[in-house]
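Record features, source TrEMBL:
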| type | residues | note |
| --- | --- | --- |
| DOMAIN | 162-264 | domain 'PDZ' |
| TRANSMEM | 7-28 | transmembrane segment |
| TRANSMEM | 95-119 | transmembrane segment |
| TRANSMEM | 357-379 | transmembrane segment |
| TRANSMEM | 410-427 | transmembrane segment |
Amino acid sequence: MHPIILIILAVIVLSILVLVHEFGHFIAAKLVGVWPEEFGIGLPPRAWGKKIGETIYSVNWLPLGGFVRLHGESADAKVTKPERAFVNASRAKRAFVALAGIVMNFAFAWVCFSLMFLITGIPKGVRVLYVETESPASVAQIKPGDEIYRFDNAELIGTEEYILNTKSAKGKKVNLSYKNGDVKQVDFLTEPLSYPVLVSEVVQNSPAANGGILEGDIIKTINGSGFLSANDFQSVIKDNRGKQIVMGIMRGDELVDLSIDVRQEAPEGQGLTGITFQSGGSYDGLSGIMYGIEPVEVERPSPLNVIYYGARETVKWTKFTVEALVTIFTDLGGGKVPQGLAGPFGVTLTIAEVIRYGIVAVLSFTGIISVNLALVNVIPFPPLDGSRVLLLGVEAVVGKKNVQKIEGKLLNTGMALLLLLIVLLTLSEIPKLIAAGSISGFVESLFVE
């Protein structure tokens, strides 16, 4: 699919997420008697509008999300119906309207995840492909071919759950449980082991073959340094085009160093070294386990099971998003640029890349972004919904008039800072896209330090 079409589809997906959020505010306002003057798709200027009942429903020229305009939304707004004005509603009603967008995003995530499981079924268990020698998993006597169904007390639904659970397992004892009830306790490390590159094929007369690499070898290091992933390994090879490197090879129980001359250009189908390595697995460096990306089994769910697992997935991503937000604010507090932080530009391109993989990937990622949008809006920073709720709490203490004196300035200042952050993130992302040369490369660069 052409990149422009992917980006247009990504903008539509992102706009739907924002519209869902605004629809929550809209419905809540109607429920408590606040007048929603306009519900708009896109941002002004208006291209088309029609008044139905008391509300104008509009389509606007800027295709970015949407909005709801409430009567008397601020203290300085023109009010013609005081009894229907947002500013005159009780604190409980205003809090209900403010929080409804957040609730709607959680509900939408639930729907997305439920539809995903309806299509795919419920993936269960991970299969061990390889265990690093002298690793925590090896000490616990976990072996290739083992099938793990629970991580501590958590059922493993999809292999991604193993990845997510390891993020909070550093330095801890973890019980990995099998379907038959057997349990292996693994002492997770605090720092990951080097990614093991399992050589599955060596092209004849290639640099790897000439350097002595054999099928079945395990590449542990290049020039004395390990790697965290297959992509990391490939990047190191590319960075050494036309140079000689030393590969640390594990062959049986023996560790040997072999000199390899990396090609400047790769012949078709051979790569720069002539090595094909085992794919189809993910590696957990904290335990030393490489496991398959496909689940052990897929359970066909009943409608109730779909709803349950959709809710479970929503809770799971809420937990991990909260942890990610805490990490982001901790990094910012320490003067460090958080890894993986993206603005609307980066998020749009990431969605565009996800669209390549089909409807299941889109449903999954849309659910994740919806959870993110809900939780970001909880943050008490103007003009996010959390700030409105915080100001309502302050209002209960110091009175409405005192809050109204500063509310407008706070919202304007917060909006200016938020727009500045978006601009700075976008300016940092554009060079990454140019350097990467593709949407796929850009998305990968977001998560590589």
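Think of each number as a place in line: the chain as shown, counted from 1.
Using the three backbone atoms N, Cα and C, a Cβ is placed for every residue, glycine included.
Here the transmembrane segment (357-379) has Cβ contacts under 8 Å with residues 13-14, 16-18, 20-21, 101-103, 105-106, 108-110, 112-113, 115-116, 119-120, 313-314, 317-318, 321-322, 325, 347, 350-351, 385-387 of the same chain, all six or more residues outside its ends. Within the same chain, residues 36, 39, 41-42, 63-68, 70, 96-105, 108, 344, 347-349, 351-352, 355, 362, 366, 369-370, 373-374, 377 sit at least 6 positions outside the transmembrane segment (7-28) and bring their C-beta atoms closer than 8 Å to a C-beta of that stretch.
Only residues 6 or more beyond the boundaries of the transmembrane segment (95-119), in the same chain, are considered here, and those with a CB under 8 A from a CB of the stretch are 17, 20-25, 27-29, 31-32, 34, 70, 86, 89, 301, 305-307, 309-311, 313-314, 317-318, 359-360, 363-364, 366-368, 370-371, 373-374, 377-378, 385, 388-389, 392.
The average pLDDT for the domain 'PDZ' (162-264) in the predicted structure is 91. With DSSP states grouped into helix (H, G, I), strand (E, B) and coil, the domain 'PDZ' (162-264) comes out at 20 helix, 39 strand, 44 coil.
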